[in-house]
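Below: the structure, in structure tokens.
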Amino acid sequence: MSSSSSITTTLPLCTNKSLSSSFTTTNSSLLSKPSQLFLHGRRNQSFKVSCNANNVDKNPDAVDRRNVLLGLGGLYGAANLAPLATAAPIPPPDLKSCGTAHVKEGVDVIYSCCPPVPDDIDSVPYYKFPSMTKLRIRPPAHAADEEYVAKYQLATSRMRELDKDPFDPLGFKQQANIHCAYCNGAYKVGGKELQVHFSWLFFPFHRWYLYFYERILGSLINDPTFALPYWNWDHPKGMRIPPMFDREGSSLYDEKRNQNHRNGTIIDLGHFGKEVDTPQLQIMTNNLTLMYRQMVTNAPCPSQFFGAAYPLGSEPSPGQGTIENIPHTPVHIWTGDKPRQKNGEDMGNFYSAGLDPIFYCHHANVDRMWNEWKLIGGKRRDLTDKDWLNSEFFFYDENRNPYRVKVRDCLDSKKMGFDYAPMPTPWRNFKPIRKSSSGKVNTASIAPVSKVFPLAKLDRAISFSITRPASSRTTQEKNEQEEILTFNKISYDDRNYVRFDVFLNVDKTVNADELDKAEFAGSYTSLPHVHGSNTNHVTSLTFKLAITELLEDIGLEDEDTIAVTLVPKAGGEEVSIESVEIKLEDC
């Protein structure tokens, strides 16, 4: 039996607990919410922090004046107040009001995903990086030697042993619960649910998450140089579950994985929950094509790579970036045990994903893509919006000390003390050049976009023609503005897997299983998740595809009107789209 199989019976049905260095439970008292039990404890250790802004951050931009207005200098009390009229960065969540996480409508996570609450919650300091003598180098998982594997297994075993005290913030389940709390409706900020996916928070949140997880593992084996491995799924040699995670009885093994995808099965980076009989070579080819599209074609600018802006007061899940969309989500779906688990546990659902050790290996490679993307050049650089830079999260470090962290402090992995062992990136040179058709599709024979949208359901392949805002643009114009194919108000049931593919200059007879064609523009995917305040579970967001390079490759730069085809792969009968347009956006 796997270690994750007993989760529902070993974790207590409570909301949160004060942190004690001895982890001793004392008397209980009720929270303001009658249905929630709050267990108090006393810490023998303490920390001191000045709330003076000069001691918070030496960076002049670190203390945003709007944060002061929100009372964030005194920390969490203002997190649940109604939002101000102007935007502001997302504050750390209010741990004292952490509530029930949800699997889906009417189904709550049966254990608390909330972390223990420190006694000095209103004085939690900002994290400062400790001094270091050498970088921690994260290796590709498939190439790890047995000495490394043994060390990683030992560290994970010791982390699992800490689950004997379910309130130990360093325990494996408490670490997994971080993802559950931030992603399944347990937290609210500004009166709205906090969600760290489907927006520009995706990359920085997960980078900080792995940073502390990695340091905890290292501390448990007394090795400050220990580094997490990365699942090198963007290289053909790494396109399978790394062997170290596929050993039954190991602390790195999880029973709740798709058993059809073990023993060296090639991963499909575009997986959408259904098994497709595709030759291995074609899967690998599709994978490299997807990587090129997501890292190069569709992400020439920061906004496309990181995702939509998500300031305080805005609705959660405004729109995901290219890598979060694919391959991040399909890897979750492919690994999770959808055939045997109702909700695709473990990797196939946000609330349970952290219960599989491979989650952290997967996200290490996702994080590596952040570094690789900036190396491609052009305008691929970090965002500069202060609402992004000053957004904050809450974590415990390896010494069980609580800290606040800012996005601005995680932009350079080397400054954080880690880097990635280099591996070839063959996808960089994998631009699809082979065309499905020899000429231009007759757009006059295809219904115009105004006759197709709004679309009630994407239950079959559809084609439409659409007019571009400008044609025959100069190189300078292309450098200044990216041409964006924009799908407005895509709505669907967020409890289901969703994917559809987008093609240009082909009709609905296109072979959508072969993605290594110049006309393939990109895909939209979604992992099941829940908005706690959204009782009808309908997600509505915008999906954007950068198409400037694509139009050049297909030879459509001078065309005023182009053909677009959408091919549903999963959940299309639940997908509606209000409108589609092409816009020019500053890069």
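Cβ from N, Cα, C; glycine included.
What Swiss-Prot records for 1-87 is transit peptide.
Cβ neighbour count for Cys98 (disulfide bond): 20 (other Cβ atoms within 10 Å of its Cβ, all protein chains included). DSSP classifies Cys98 (disulfide bond) as coil under the three-state reduction. The disulfide bond annotation in Swiss-Prot covers Cys98-Cys114 (among others).
Look at Swiss-Prot and you will find Cys113-Cys180 (among others) tagged as disulfide bond. Every protein chain shown contributes to the tally, and the Cβ of Cys180 (disulfide bond) ends up with 26 other Cβ atoms within 10 Å.
Long-range neighbours of His179 (Cu cation A binding site) (same chain, six or more residues apart, CB within less than 8 Å of its CB): Tyr209, Phe350, Tyr351, Ala353, Gly354, Phe359. Sequence annotations record features per position, and here Swiss-Prot assigns Cu cation A binding site to His179, His197, His206.
All protein chains included, His363 (Cu cation B binding site) registers 25 other Cβ atoms within 10 Å of its own Cβ. In the three-state DSSP classification, His363 (Cu cation B binding site) falls within a helix. Summarising the annotation, Swiss-Prot assigns Cu cation B binding site to His328, His332, His363.
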Taking Cα-Cα distance, which of the binding-site residues His197, His206, His328, His332, His363 are within 10 Å of Cys114 (disulfide bond)?
none
What is the one among the disulfide-bonded residues Cys113, Cys114 whose Cβ has the most other Cβ atoms less than or equal to 10 Å away?
Cys113
So if I draw a 10 Å sphere around the Cβ of His206 (Cu cation A binding site), how many other Cβ atoms end up inside it?
25
Enumerate the residues of the same chain, His328, His332, His363 excluded, that satisfy the criterion Cβ within 8 A of the mean position of the Cβ atoms of the recorded Cu cation B site; list them in sequence order.
His206, Glu324, Pro327, Thr329, Val331, Ala353, Phe359, His362, Val366
Compute the C-alpha separation of His332 (Cu cation B binding site) from His197 (Cu cation A binding site), stating it in Å without decimals.
13
What is the Cβ neighbour count of His332 (Cu cation B binding site) at a 10 Å cut-off, with all protein chains included?
25
